[in-house]
């Protein structure tokens with residue numbers, strides 16, 4: 001049966017993958033309220049399309065931190081991709097490069113920064129977890145720089161791992177034939193079996209809970225690469241991130257895997273954009289499954305979006321060609337949304353192209369979806 005949208009890959013991945021692996025990718029924290037809200041919140045934003053505009057030519061190219069990309073749709077960091085498919089991060093890197101967009105490699109990848117760089121040309125960012133041992137961090141950042149990575153996405157919402165009950169039930173651990181490749185030579189590449197989640201135990205042992213804004217400053221002393229702060233949900237932290245020298249902000253709730261009952265990222269986006277006041281670009285990840293979602297994020301002020309789960313699900317289903325197809329489907333849907341909304345370039349997408357259910361006052365109430 002032909003796959004016609006991004007969401008269909010999830011069911012295929014569920015059939016193909018071992019339960020422990022699928023649950024690790026698919027689940028969120030605790031009640032998983034934010035997990036469903038990340039998706040549902042998009043349906044509370046409706047379009048105000050403009051008609052009779054010549055949309056025979058549409059340009060969806062953009063620049064991110066000065067790098068020209070084919071579309072404002074990029075790949076978020078997702079860990080341990082070789083659990084999904086033997087080619088793992090190699091396949092994802094090739095798919096991103098073929099689509100002319102950016103891949104973000106996870107610290108906890110099952111392929112190293114050097115291995116991913118070896119797949120060929122491409123614009124790549126590196127997602128960083130700050131370990132207790134800062135020599136490990138400095139070494140890793142230097143390796144990413146040497147391998148040609150163009151930015152650091154610093155994850156700031158994980159001083160401790162969120163409570164993911166599926167991982168506890170499944171006693172999640174990295175399969176024995178895989179390692180966290182970036183840490184292999186440092187004896188930090190393996191994950192022990194634990195009484196609950198092996199990853200939670202690993203994080204408790206290795207990741208620095210004392211991480212603070214001064215470390216964002218420290219990071220700038222060890223690298224010239226621009227730093228994106230990933231995991232911001234409030235105006236207050238947006239202002240602090242900019243003060244601390246962030247080159248950009250990723251509005252993220254970690255795929256609803258950390259603190260449950262935080263808002264959907266699309267709900268938090270506008271607050272962050274307003275606080276940033278155009279000083280740095282703001283990006284969104286979480287819940288994007290349609291080109292319409294991409295348009296809604298841009299209308300609310302995002303400079304681009306990142307997709308996570310659609311990548312691992314399509315990777316599990318069809319390897320590199322699955323990831324290529326996800327990027328192509330989102331691209332085509334987004335371009336169609338632009339045409340039907342009367343927008344010919346990204347700068348023509350405005351707040352007036354959408355009506356959100358929190359907008360007041362309206363002449364008549366919006367229909368509840």
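Cβ coordinates are placed from backbone N, Cα and C, and glycine is handled just like the others.
Just so you know, TrEMBL annotations never went through curation; they're auto-generated.
According to TrEMBL, the protein has these features:
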{"type": "DOMAIN", "residues": "1-359", "note": "domain 'FMN hydroxy acid dehydrogenase'"}
{"type": "BINDING", "residues": "24, 129, 164, 254, 257", "note": "glyoxylate binding site"}
{"type": "BINDING", "residues": "77-79, 106, 127, 155, 230, 252, 285-289, 308-309", "note": "FMN binding site"}
{"type": "ACT_SITE", "residues": "254", "note": "active site, proton acceptor"}
Based on the record's binding annotation for glyoxylate (24, 129, 164, 254, 257), what whole-number value in Å is the widest Cα to Cα distance? 19
Closest by Cα to residue 164 (glyoxylate binding site), out of the binding-site residues 77, 127, 230, 309, is 309
Measuring Cα to Cα, how many angstrom lie between residue 257 (glyoxylate binding site) and residue 127 (FMN binding site)? 16
For the domain 'FMN hydroxy acid dehydrogenase' (1-359), report the average pLDDT of the model, please. 95
Counting across all protein chains shown, how many other Cβ atoms sit within 10 Å of the Cβ of residue 287 (FMN binding site)? 27
I'd like to confirm something. Which of the binding-site residues, 24, 129, 254, has a Cα closest to the Cα of residue 230 (FMN binding site)? 254
For the binding-site residues 230, 254, 257, 289, 309, the one whose C-beta sees the most other C-beta atoms within 10 angstroms: 230
